[in-house]
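Beneath this line is the structure, given in structure tokens, with notes to follow.
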Amino acid sequence: MALRSFCSADGSDPLWDWNVTWHTSNPDFTKCFQNTVLTWVPCFYLWSCFPLYFFYLSRHDRGYIQMTHLNKTKTALGFFLWIICWADLFYSFWERSQGVLRAPVLLVSPTLLGITMLLATFLIQLERRKGVQSSGIMLTFWLVALLCALAILRSKIISALKKDAHVDVFRDSTFYLYFTLVLVQLVLSCFSDCSPLFSETVHDRNPCPESSASFLSRITFWWITGMMVHGYRQPLESSDLWSLNKEDTSEEVVPVLVNNWKKECDKSRKQPVRIVYAPPKDPSKPKGSSQLDVNEEVEALIVKSPHKDREPSLFKVLYKTFGPYFLMSFLYKALHDLMMFAGPKILELIINFVNDREAPDWQGYFYTALLFVSACLQTLALHQYFHICFVSGMRIKTAVVGAVYRKALLITNAARKSSTVGEIVNLMSVDAQRFMDLATYINMIWSAPLQVILALYFLWLSLGPSVLAGVAVMILMVPLNAVMAMKTKTYQVAHMKSKDNRIKLMNEILNGIKVLKLYAWELAFQDKVMSIRQEELKVLKKSAYLAAVGTFTWVCTPFLVALSTFAVFVTVDERNILDAKKAFVSLALFNILRFPLNILPMVISSIVQASVSLKRLRIFLSHEELEPDSIERRSIKSGEGNSITVKNATFTWARGEPPTLNGITFSIPEGALVAVVGQVGCGKSSLLSALLAEMDKVEGHVTLKGSVAYVPQQAWIQNDSLRENILFGHPLQENYYKAVMEACALLPDLEILPSGDRTEIGEKGVNLSGGQKQRVSLARAVYSNSDIYLFDDPLSAVDAHVGKHIFEKVVGPMGLLKNKTRILVTHGISYLPQVDVIIVMSGGKISEMGSYQELLDRDGAFAEFLRTYANAEQDLASEDDSVSGSGKESKPVENGMLVTDTVGKHLQRHLSNSSSHSGDTSQQHSSIAELQKAGAKEETWKLMEADKAQTGQVQLSVYWNYMKAIGLFITFLSIFLFLCNHVSALASNYWLSLWTDDPPVVNGTQANRNFRLSVYGALGILQGAAIFGYSMAVSIGGIFASRRLHLDLLYNVLRSPMSFFERTPSGNLVNRFSKELDTVDSMIPQVIKMFMGSLFSVIGAVIIILLATPIAAVIIPPLGLVYFFVQRFYVASSRQLKRLESVSRSPVYSHFNETLLGVSVIRAFEEQERFIHQSDLKVDENQKAYYPSIVANRWLAVRLECVGNCIVLFAALFAVISRHSLSAGLVGLSVSYSLQITAYLNWLVRMSSEMETNIVAVERLKEYSETEKEAPWQIQETAPPSTWPHSGRVEFRDYCLRYREDLDLVLKHINVTIEGGEKVGIVGRTGAGKSSLTLGLFRINESAEGEIIIDGVNIAKIGLHNLRFKITIIPQDPVLFSGSLRMNLDPFSQYSDEEVWMALELAHLKGFVSALPDKLNHECAEGGENLSVGQRQLVCLARALLRKTKILVLDEATAAVDLETDNLIQSTIRTQFEDCTVLTIAHRLNTIMDYTRVIVLDKGEVRECGAPSELLQQRGIFYSMAKDAGLV
């Protein structure tokens, strides 16, 4: 009564009246309902949102938006609406003053509405000030207000049309005005305002339109339509991609994760410590001393907490970093889940409506509209949820990749050994992807149980306790699923381990491919890879069987639940009739149940995979980091005299291992030149590493003053232009740059590079000779203009002439660096008289230290060494005056030896070999003009081929290739089993509709109940058998395909010529063997199953709808056309985006690989931040392609679900229209199938697109499986006899060589005959073509003209392995592979242990190997990093001694060893290869002075040839080189 008196003065107006609103053919709301509920609903909505929204806006300030016409209009309309509401209020007061009694509601409602309009106007301005361009809150408010007003408007129009109707002119007029203004506000809210002032998007040339899109555009993903149209018209390119939103960039995302991880690590380390007793501090002890007195150590009794340090939780860190944004997805998911159950409830109402012939028609249309609206709301909620999940996943991946990269720059060398390059690449590719995938599913952990509980609740309402039978079936399945999840985790760990090992091995193979080819070891390593792959495939096969059982249980569970529930329902009580309402509402609920039951195991599997990845990532991120603070760095401005001070320092490579350097103490004054000498493995390089803080300092104190530059023993070259390699992030200073180029003898090289210093010099410098690479490395250091220079034997890779030039111009007392502090590790003795201090290393300790003269006077080990190995002509007495003390100018010593060293991996003598350095350094001055000319060239010459994206539709041949890889029988068997499964599913549901239409007999039971139930069960069993069959077939077929495609790729890559590896960045190949192969292994079989399932489900649903309502044939074809068009529209762009994403992924890995190889150089130059920035840019470039692809997915899904919702609408509408001619069973069947079709359509396009985007992996594997191949390895017809070559006679006949078709000749018309057993030296300036000659001999590069004849056999006519097994090389780069030492010597296990030990003894390694705990089984690290360069060179000598072929080639083989070891090696070669033909490329001429002949090469031509003594008499090139080396 109170409410009635509130609504009307006489109390006659109720709030609700069923007869007015429902039981009528012309429904309406009561006046009270209109004035209260319909007026208050929008007010309550806005006031309930206001507190949270105000808080959100106060925390998210995006900038200030200037007042625009749009904003002014919205504000003005807000005020007008307020005025209208208050006009109504004042009118009511006026009426009261006139004695007209009005209901209180006419005072309350306008007041409430007026205040709400003021709030709306306030929010419009607040949003503008906070930079909100389009508001969802406000648009929803105006929409709700309009819908409520629409109901009132309809009522007013109806009442106005009635005869004798009372019209309230003022209130009706204000209402019509109110309605119009609300409509205009709604329309205006659909548009977006301009960007805030100073917004980053204003300056961005290609900003993402999302940030400026309207709310409607954002929820429907309309803002990406422009890109979709562009992609449909022509293939998308990287230039078409938008910039990332600021909040998605690495710059924003990575630091937050890294900082949170650091905090978590600090927390986990903090443990309560209680000091029971601590001795008083000794005041005499120096402050900050790191030495703890032994007695003190004993006295300090510390009782620690008994708990160990807990592991830091990476999950907690990820949640803290990304949780707040991700939590929004909870709301959308909850809304979607609740809306999902509206479908079955409305279906129930529709079936009731069809059964009730008396119900008015408008109710049927109302239910249909309700079904459509609920489906549309469900669509919008679901895809906002997915969007948040995918964006969260993307951010997690970006953060993980960034964190891994940053960590890789910090970890210790010991940690580097425990995490190989392959493992770290997997962390960035596979593991980061696992987190990304999990972000999509993680909400299902709470959502799936919620859906199951709600479904069971509604089923209970429909079928009663019979539902417990279905629950029992589900409970029975739980332990089975749990067991499978545990097994999946086990297999996942095993799979990842095998994959890591395979990627690690492939990395090594790709890094050492040249050595494999020279030794003809490809087959041995192919077998190694295949054995790992076999293990991987075994695990995959077990996983596939598990997946088949899983699919069987997951797909069958909903049917078994339905069958058991229906069976119990009809059998427990004969009067329980399974009518259409019970059956199809239950079936709709069972269909809802199907999804959480299917998805839960997948979620569990995804969580299992992610937990494995989480652990791997946590272990990596928890690795020990280098402690740069262990070395004290001081400013150059600090007044102390010494540049480097080391006091009693002990260093080790890994904690817990014996120290490598012991008790090191020395001081170096500013500007001094210090040489470090000693035998192989004595700790010279380790000393430099210790100064760079690359080693673990056990004790002692080290101080460095100023910045440091470092030139490593193995030159590290970036895949960039020559100029960028030298500048290394510093700005270009033209004059200084030219001076550095001249000093480092690089000017002549610019003449022969296609674009001068802008020429791209390839990954790891593959188109430079060893000497050129080292000079680029040296120039980088010199250009950095640092205070301290650490040189690790840089002069060894160049010939004597260039070495002398570099020493004089750069390192020496008169060089560019004369005022800098320089530490030079060297094996040469010719420069020692000119240095200020010599440090002699022995066994990790400093054995002697002093100036050259002091060490001679001391007559110790150094003096003895000099007397033994200095050139006989050297007059030591004459050198007294030339010894340089501190600050004295020294005169270069002409005689002495220079030990050469060739450094860097994969030395490819490319263009450089077509020219050489001129003999006269004065000519280099004239080459400044060449530098300027080269710099002026606009086009940079490219060596590396970037990973290219294919365009257009994926070729049918790619699908056909995949089908062939699976096997045609398995392919067609799978399709047949899919068909059987879906036919039996359709039949069982149609059978159910017939069952529900069975009329009950007189006693209230159904006559054919048992028969119907038996057939229904039989059809279910048939369905289950088909499911198990196709799951098994697809899984096994997928493994067949994986095996075949990997084998083809591996087979082809190993048979590719060297030119292929020079052009192709290793990142591209690693990407194929890791990410693309993982897609083929794991993704494609799953996608095939889901695609086939979706396709048949859609076809089945359409058939059922057409059977039930044939009139639907009118609407299905047009909707089908819309669907097809949208799908093609999408796939065109999606496919290209996937390709662009794949292509942009390779540079991330390439850059990462490059960084790991040069990490010590990057750290030495303190360039970590620049490299991190470059990595972030590459990751962002990759995400720029990924982000539009996930949005395109949502764009498609929203549009497709709208098509699906239209099918639901028309199926229900036609059922309502035809209700008098349709049975309830058919209506139920038709509408329940139409409810599913939305999901089916969505999945079908998603899966067809996933199919096409994932099959791109097959296309990319195929791309590298069909590249050019080198000549056959074995040719039976022309194979030489086993005794060949018998004498070792080598004949070059008019031989010419070029590296590629488009390049000039590097060897020109060589005509030389070398008799069997001859010892021939090959000499020439750096880049003269010496190594090119050996490449031609091994057919690494095929001849352009002419031929090489060995013992009468033209080598071009025989197989490559026939040739390469019969000749041996000790190459420039001593490459070792991870594995046992024995495997590195004899990968085919052809020789006995005795023979291997003999080879090691002759190579002077027996003592070293015998001292190792595992002897021959000693495990070599990746790249042989746990051996010194000299030891690696000796291992290569041992390989040659094992093979003992008739022809031996030494390519500067003793470069990295000390003079004493070199002498032993030379005598070994002379005695062991006495009857062999030996070709030696030498920079150190004294090693070939006793050879029978010397060939002098210059610019690819033979300039001189004859005995060394003859050539010296000729006074030509050889004479000038010998003079430079101090031999004449």
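Glycine too: its Cβ is placed from the backbone N, Cα and C atoms.
Features of the protein shown, as given by Swiss-Prot:
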BINDING   Gly1324, Arg1325, Thr1326, Gly1327, Ala1328, Gly1329, Lys1330, Ser1331  ATP 2 binding site
COMPBIAS  910-929  compositional bias 'Polar residues'
DOMAIN    1290-1524  domain 'ABC transporter 2'
MOD_RES   Tyr277  phosphotyrosine
MOD_RES   Ser290  phosphoserine
MOD_RES   Lys504  N6-succinyllysine
MOD_RES   Ser878  phosphoserine
MOD_RES   Ser882  phosphoserine
MOD_RES   Ser912  phosphoserine
MOD_RES   Ser927  phosphoserine
TOPO_DOM  1-33  topological domain 'Extracellular'
TOPO_DOM  55-74  topological domain 'Cytoplasmic'
TOPO_DOM  96-100  topological domain 'Extracellular'
TOPO_DOM  122-133  topological domain 'Cytoplasmic'
TOPO_DOM  155-172  topological domain 'Extracellular'
TOPO_DOM  194-317  topological domain 'Cytoplasmic'
TOPO_DOM  386-441  topological domain 'Cytoplasmic'
TOPO_DOM  487-548  topological domain 'Cytoplasmic'
TOPO_DOM  570-591  topological domain 'Extracellular'
TOPO_DOM  613-963  topological domain 'Cytoplasmic'
TOPO_DOM  985-1022  topological domain 'Extracellular'
TOPO_DOM  1130-1200  topological domain 'Cytoplasmic'
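Counting residues 6+ beyond its ends, the topological domain 'Extracellular' (570-591) has Cβ neighbours under 8 Å at 341, 343-345, 347-348, 351-352, 355, 455, 458-459, 462-463, 466, 558, 561-562, 989, 992-993, 995-997, 1000, 1003-1006, 1009, 1013, 1223-1225, 1227-1229, 1231-1232, 1235-1236 in the same chain. Secondary structure at Lys1330 (ATP 2 binding site), taken from DSSP and collapsed to helix, strand or coil, is helix. Working note on the recorded positions Lys504, Arg1325: by count of other C-beta atoms within 10 Å of each C-beta, Arg1325 ranks first. Using a Cβ-Cβ cut-off under 8 Å and counting only residues 6 or more beyond its ends in the same chain, the topological domain 'Cytoplasmic' (55-74) has close neighbours at 124, 126-133, 185, 188-189, 191, 193-199. Secondary structure of the topological domain 'Cytoplasmic' (122-133), assigned with DSSP and counted as helix (H, G, I), strand (E, B) and coil, comes to 8 helix, 0 strand, 4 coil. Between the alpha carbons (Cα) of Gly1329 (ATP 2 binding site) and Lys504 (N6-succinyllysine) lies a span of roughly 34 Å.
Cβ neighbours within 10 Å of Gly1329 (ATP 2 binding site), excluding its own Cβ and spanning all shown chains: 30. Nonlocal intrachain contacts for the topological domain 'Extracellular' (96-100), taken as residues 6+ away from its ends with a CB within less than 8 angstroms of a stretch CB, are lacking entirely.
Counting residues 6+ beyond its ends, the topological domain 'Cytoplasmic' (122-133) has Cβ neighbours under 8 Å at 46, 50, 53-54, 57, 60-65, 67, 71, 74-75, 78, 192-196, 199, 211-212, 214 in the same chain.
For the topological domain 'Extracellular' (155-172), the residues of the chain that approach it from at least six positions outside its boundaries are 26, 28-29, 34, 88, 91, judged by C-beta separation under 8 angstroms. According to its DSSP assignment, the residue listed as 'N6-succinyllysine' is helical. Counting Cβ atoms from all protein chains shown, Ala1328 (ATP 2 binding site) has 30 others lying within 10 Å of its own Cβ. Listed binding-site residues: Gly1324, Gly1327. The one with the lowest count of other Cβ atoms within 10 Å of its Cβ is Gly1324.
On the 0 to 100 pLDDT scale, the topological domain 'Extracellular' (1-33) averages 70 in this prediction.
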